[in-house]
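Visitor: Can you keep this structure in mind? I'll have questions shortly.
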Amino acid sequence: MCINSPNQHSDFQTLPNSIISRKQKSSIYYSFFVLMGSLTVAIPTSPTDKKKIIHGDDGYVLEDVPHLLDYIPKLSNYPNPLQSNPAYATTKQYFVNEDDSVAQKIVVHKNSPRSIHFRRAGPRQKVYFEPIDVNACIVTCGGLCPGINTVIRELVCGLHDMYGVPKIYGIQGGYKGFYSNNYNFLEPKNVNDIHKKGGTILGTSRGGQNTTKIVDNIQDRGINQVYIIGGDGTQKGASTIFEEIQRRRLKVSVVGIPKTIDNDIMVIDKSFGFDSAVEEALRAINAAHVEAESGENGIGVVKLMGRHSGFIAMYATLASRDVDCCLIPESPFYLEGKGGLFEFIEKRLKSNGHLVLVVAEGAGQDILSANLESAKDPSGNKLLLDVGIWLSQKINDYFANVRKMLITLKYIDPTYMVRAIPSNASDNVYCTLLAHSAIHGAMAGYTGFTVGPVNGRHSYIPFDRVTESRNKVVITDRMWARLLSSTNQPSFLEPENAKAGDIKIDVF
């Protein structure tokens, strides 16, 4: 066994943050391999080597998250103050076992290899921060989503009430708030009712990230826990912030809480606010159905959010049962000709007298932008062309000019209504669990991770796993088949185009 011990550099690594100038450039990194029976641990040797993999018996693989001990090996630890918290006095086995992990894949064949695992979230018996010494900050970035204020509230109340942390700050206006000195002191009494409001009390913005300036500000202010609420772009930003903090060897935990109304974050079961968004989208669909039923050859068109992933449109359609056709980014469609959208609409109008069509904002962009170049927003996202207005106009033109048929079309765009509402009851509970899991992880010294449920168990997931790709609807999956069965719409997908490799088996 060969060990290149991290203690070889301990004279440098154990210096207090205040002594190590932020201008120092250190290139000292280390390899750390430990063989314990059949367990092998590999710790990254540089900021670009992000993976921390643990291999065990029978093909067991844990994709672990970084820990402060990885680059500051002589940190002190303390008994978890929850041991003396009266709220948890009667709880049995409240602390998570250090060996607990959560399997990413739970449906397997008898000869299948064991799947990837993630570290289970929850409180540990030892913490690496004295609560009195914690300076925590919270920042929200990107678009709005139901439940952001609930997460903020539960982070503040959880830090204060569970761990006794006295200093918690809110960063105003997204990432640029770090170097604009937009800090607000937060305490339970001034966040008590914010979960009843939509939006974010901290404000938000896209882009504006200067990693060096952000980490300079974190270091200058003595912040040692950073909670970042945002989508995949925000989590990528959080990852670069963590890497810079690791490079400077600062005792700072960086924790991401994934936020996206589109439910397109990989690995986790779903994102917070999604249930609330589907519920609100259903109101718009119900209104479109009333309008369609009331007019001659009535057509109700509803555009819902979903840039790259059509989960809101799919689930709202399944919940409604009044939708005749649902169009999402993952499923291409065409307008004219046999089996096209226009033919289907005409048949449905003749049989039912009305039709409700739901379209996700990212659907049909290949048709719209065939000869157009879209601009980008400050986060680098491609600005989508308005498929709802375009599709409504195309339907009107077709039936007026080609079929010479009278229709009554009503177009509803509830985009900002859906994302601006407060979270519902189930999302409020979910936001609480996310916030508490994030706090427990940071206090236990974990860093460079995002938190979320994997097969129903909250887990700590490395940043790169949730940012490497987007979660999308699999149109060869049973859930999409259920939607086609509900709407009786054509699939717009020829059998030969359904690749066997895309098939995903679910158990719902």
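Residue 1 is the first one shown; counting continues down the chain.
Using the three backbone atoms N, Cα and C, a Cβ is placed for every residue, glycine included.
Sharing the features that TrEMBL gives for it:
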ACT_SITE  D262  active site, proton acceptor
BINDING   G143, R206, G207, G231, D232, G233, T234  ATP binding site
BINDING   D232  Mg(2+) binding site
BINDING   T260, I261, D262, M305, G306, R307, E361, Y416, M417, V418, R419  substrate binding site
DOMAIN    136-440  domain 'Phosphofructokinase'
SITE      G233  site 'Important for substrate specificity'
TRANSMEM  28-45  transmembrane segment
Visitor: What binding-site residues among R206, D232, G233, T234, G306, M417 are found with a C-alpha within 10 angstroms of that of D262 (active site, proton acceptor)?
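Guide: Of R206, D232, G233, T234, G306, M417, within range: G306.
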Visitor: So what sits near T260 (substrate binding site) in its own chain, CB-to-CB under 8 Å and at least six residues off in sequence?
Guide: G142, C145, G231, D232, S271
Visitor: Using only the residues recorded as binding ATP (G143, R206, G207, G231, D232, G233, T234), report the maximum Cα-Cα distance in Å, whole number please.
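Guide: Between the most distant Cα atoms of the ATP site, 12 Å.
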Visitor: For the substrate site as recorded (T260, I261, D262, M305, G306, R307, E361, Y416, M417, V418, R419), determine the largest distance between any two Cα atoms, in Å, rounded to the nearest integer.
Guide: 17
Visitor: To the nearest whole angstrom, state the Cα distance for the pair G233 (ATP binding site) and G306 (substrate binding site).
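Guide: With distance taken Cα to Cα, G306 (substrate binding site) is 16 Å from G233 (ATP binding site).
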Visitor: With the cut-off set at 10 Å between Cβ atoms, which of these recorded positions ends up with the most neighbours? Options: D232, D262, E361.
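Guide: Result for the most crowded candidate: D262.
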Visitor: How far is it from M417 (substrate binding site) to G143 (ATP binding site), counting Cα to Cα, in Å?
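Guide: G143 (ATP binding site) has its Cα 13 Å from the Cα of M417 (substrate binding site).
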Visitor: Indicate the candidate from G143, G207, G231, G306 with the smallest number of other Cβ atoms within 10 Å of its Cβ, considering only these binding-site residues.
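Guide: Comparing Cβ neighbours within 10 Å for the binding-site residues G143, G207, G231, G306, G207 has the fewest.
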Visitor: Among the binding-site residues R206, R419, which residue has its Cβ surrounded by the fewest other Cβ atoms within 10 Å?
Guide: R206
Visitor: Around M417 (substrate binding site), how many other C-beta atoms are within 10 angstroms of its C-beta?
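Guide: Excluding its own Cβ, the number within 10 Å is 15.
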